[in-house]
Amino acid sequence: ASSCDQELQSALEEAKQPQKDNVFIPECAQGGLYKPVQCHPSTGYCWCVLVDTGRPIPGTSTRYEQPKCDNGARAHPTKTKDLYKGRQLQGCPGAKKNEFLTSVLDALSTDMVHAVSDPSLSSSRVSEPDPNHTLEERVVHWYFKQLDKNSSGDIGKKEIKPFKRFLRKKSKPKKCVKKFVEYCDVNNDKSLSVQELMGCLGVTKEEGKAETKKRHTAPRTNTESTSSSRQ
């Protein structure tokens, strides 16, 4: 797929030609990605796209208003971790970054355990964990819910503040804290999606893990049903 920057260049060239003043010009985010909301000013229509390919998402177009789009919608959803592979965290090189991410996840895990076991904190909405999630995935989903006070599916500017405070207080080395939120925000929209939080904390789905689980349990249920029918 062509990157947004390339499409932008060719659209700007085309728009210079006479009678071409209503050419669609895409809006780009960092790294060749598309912004999740794209608009065509001359018609007043806006719609959501997949941020990695720019392909419109069916059924999302609105006129004279902004549609609600998922900032992390991609054609290749498993690639979130790859976005962070080559991404530099300023002032926090490789080994330091690993130490930092470990300290953040440790602190979050501890907080989650406290919240789950302390009845006075029941207001912190601990939802039923997904059995297919690893412990680290559960921790990130749990913490994301705590931050996302308005349940918009994104942690906005105000909601990021407690996360920054948490990082300053609970994680080390301190140099890694400074630019961490910017590092997480891959599409540069000043808010974090759960995919971005997962990706920048280095928590990724263990591919095939859920599949093997299902495979092990399937034969057992078959034998149970045959033995009960025999009785």
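Using N, Cα and C of the backbone, Cβ positions are placed for all residues, glycine too.
Note that TrEMBL annotation is computational and uncurated.
Candidates considered were Cys46, Cys48; the recorded disulfide partner of Cys39 in TrEMBL is Cys46. Taken as a whole, the domain 'EF-hand' (135-170) shows an average pLDDT of 89 in this prediction.
Look at the domain 'EF-hand' (135-170): DSSP puts its residues at 27 helix, 1 strand, 8 coil.
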